Amino acid sequence: MKTSKRNRVVVVGNGMVSYKFCEKLIAKTNGSVEFSVTVFGEEPRAAYDRVHLSAFFSGQTADDLALASTEWYQENGIQLHLSDPVVAIDRERQEVRSHHGHIVPYDYLVLATGSGAFVPPVAGVEKEGVFVYRTIEDLELIQAHARKARRGAVLGGGLLGLEAAKALLDLGLDEAHVVEFAPRLMPRQIDAAGSEVLQRQLEALGLHIHLSKSTQQIVGTESIEALQFTDGTSLDVDMLVISAGIRPRDELAKAAGLATHPRGGIVVDDFLQTSDPAIFAVGECALAHQMIYGLVAPGYEMAEVVASRLCGQEKAFAPFDMSTKLKLIGVDVASFGDPLAEEPGCRTIRYENRAKGIYKRVNVSADGKELLGGILVGDAEQYNMLLQTCKNKMVLPPNPEDLILGTRGGEEAATGGVLGLPDDALICSCEAVTKAMICQEVTERGYTSVEDIKKANKACTGCGGCTPLVKDLIVGTMKQQGVYVRNVICEHFAYSRQELLDLTKMNNLRTYNEVLDAFGHGDGCETCKPLVASVLASLWNENVLEKGRATVQDSNDRFLANIQKGGTYSVVPRIPGGEITPDKLIVIGEVAKRYGLYTKITGGQRIDLFGAHVSDLPRIWEELIAAGFESGHAYGKALRTVKSCVGSTWCRFGVQDSVSFAIEVEDRYKGIRSPHKLKSAVSGCIRECAEAQSKDFGIIATEKGWNLYVCGNGGSKPQHAQLLATDVDKETCIRLIDRFLMFYIKTADPLTRTATWLNKMEGGMRYLKAVVVDDVLGIGEELEREMQGLITAFKCEWKEVVENPELRKRFTHFVNVPEVKDPTVDFAEMRGQKRAKEWA
Amino acid sequence: MELITNDKDKITWHLACRAEDVPEDGGACALIEGRQIAIFNFTRRNEWYATDNQCPHRQQMALARGMIGSQLDEPKVACPFHKKTFSLRDGSCLSGDAYRIETYPVRVKEGLVYVGL
């Protein structure tokens, strides 16, 4: 390779920032080889993701953590020397010498030597079983030792220390301890109250936390046996991970006579130049603005600055915001701006909810106009908006507590939403994309999806943390322009689900192709097909597999069973209210044995039979139907189960017969298709053993009748159901459920549970009550009539398949050899039953 | 199994099944020479396609059970497991992943479907 002078770049170190620097330099020179780049790394691996190091213990491999392969360096013409640290810099001759004796001349030298673990001067740190936590090699040593260890401790309760503690938990030690010198966890990021909430959360996860503990010595003959503290106490452990801070790797720079700080760090100016103008320093080894930036984002920004300058662009490294949000062992922790600002310069607002493990604090300027910083523990959903408010010095609402508590009762965010942000607000800090850049794509180029924005300016492509903000900006900008924001289904249908349902009904369409021909274009897709299938079923309740409807059903509806890992199916017969006779239980057992099925009781008081070959499904159902079972619709977006407690028939507390009512309700609504699955429950008294308040509709017995609750949800975002009617009789209760369900079926977006549907509904519960109970729209009777139509049309679809040879013959794996089962299906043995083989 | 060999382009045609065995606008899997081949009857477009039955994402034998459709004009199939979509024309992954599936030529003659391997 021919290279003129002045463009030989040597990078010392091959960590994350070193890699980012190479990537940026390559991108800026746009593929043309203008620089000859040589990188020296001390570790045997090319750059990897050190931020997610602890993922190594939760199953990720070194390869998963890799940022770039050695091939990437080759392809981009970069000389990469691994396991070969630079040992000397000759500034006079402008060349470096490596451990293996390579001598490479440079025009520009970039020091990206990073940092090592700071090991406090405690007697005994050399003992076996004491580790630091910086590299994959360290992790491998920890992993090997952990196999014979039982009790581990981490020295240091900061960000890295808690990461290391998670690693100890993941390694399965019997006990994991965190020892912190300061009186609180994460002393740089959060205050005492936040630390207390965090500590409680971490303790609930099995960590033992020791604060205000100064370690005097590490006790043990050869191996570590205990930590001895200055207060006279001690802690027996057989392994210790030191994570007490970082020490910049400045020894090479120091030896070369570059200016370094007495407490560590290579001194650089705003352009990241060291005291030698040909030498730059980036990342954790550099001391910029009198501080070491120990996070990856500012490191990447430094890489950008130096790469830009080498390419002749004017760019300086501005003081970088150290706000951070992370998930520590499952607990959200965030701090932004000046999290620990004190009076009198600021006034603080604190919110603490010990029951839920949430702590929030915002620091507001003394004049109440500006947000100075804050802390979030346990719930960091508002982080993005708070950070923007803080960074952009936005005017605060009259009641600044709304920032963390929300404007109770209103939809708009307290600060007027994302559109209130100034144009130059940095939305995506990874790729330096501002609000104006995003809004411009929407207004000028008509981009309306996050995917479009990603392609246009790379926003959201880094850490992805800004995605919700970008979405809000897109929708907000569109609304501002007067564009009616409609949730259209997909490229084939420019309608919302509700519109398409109405059109399908008015035109009496019965098949997917009829709907597509009339109101869509193209050939459909995996989004609109199941949606239309569901709409057709909700309107007409005809067999989902007939008239060409089978191939538009989603995976599970197509074979009326739930597809599971490995390609077999699970079968759930309906057991209304969870009541079953001994004879029927025996039939389930016999069927499971005959077809070799794994059996498990479900959360909905039914029995799930797993591991059925697709070709066995009709025979299995033939036997179940002969014994009086019906489809349980576990595969459908339909009513699943109506759970019940035993009620007044047996229970000494019960005030009504909840089982009978549950069976009646389940029989009434079984098989009805809806935008998403429906769950229900009936409790026989106020003790609520059936957990009705977590269901889409739940009924609780009272002395005088029944209370009806709606729009509850379990799952990932649990939500309590809300009271719709009090002390109503059975008939009224059923009439209200008829209306409620039909209203939901007709108006909800696809795959939206009742809880989310209600959350998005303008007017919320008050409106829903007005429609369903008070019938302000005058559609009550119509809803009831439509529901009755669906109920009358019910047929067990499995019975129809079993009896219909045309439908039945589709249940084969090989169309040309129907008797052969899929030979790739494989099971493993577990506790006397089978289980699906793990994903390959 | 009946074989028709086409010397010119070195394709061996295998009889897979009857046309009516593959549902309209849907797929079915045939066992050919020990391999699982997904055959799609794209009735709306009056086209037939054949691909591997295995989805490369999680190595599941299930593409024949997937929904077919189009993205702009590209015919595609969505795996029933995690909805990864693949072009029926060239097998490329339309959900943006690096892996792809094999595609095979299909001929329908006198109600019989042949796949070229």
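Each residue's number is its place along the chain shown, starting with 1.
Cβ coordinates come from backbone N, Cα and C, glycine included.
The shown structure was predicted, so the numbers you read here are calculated from the model rather than taken from an experiment.
Per TrEMBL, [4Fe-4S] cluster is bound by A:Cys645, A:Cys685, A:Cys689; the candidate from A:Cys651, A:Cys711 named for the same site is A:Cys651.
Summary of the [4Fe-4S] cluster site environment: with the site residues A:Cys645, A:Cys651, A:Cys685, A:Cys689 set aside, the chain residues having Cβ atoms within 8 Å of the Cβ mean position are A:Val646, A:Gly647, A:Phe653, A:Gly654, A:Ser658, A:Ser683, A:Gly684, A:Arg687, A:Glu688, A:Ala690. The most densely surrounded of the binding-site residues A:Cys645, A:Cys651, A:Cys685, A:Cys689 is A:Cys645 (count of other Cβ atoms within 10 A of its Cβ). Take the domain 'NADH-rubredoxin oxidoreductase C-terminal' (A:323-393) and the stretches A:8-291, A:426-474, A:564-626, A:636-761: counting Cβ pairs under 8 Å, A:8-291 has the most.
A:Cys645 ([4Fe-4S] cluster binding site) carries neither a helix nor a strand DSSP state and counts as coil.
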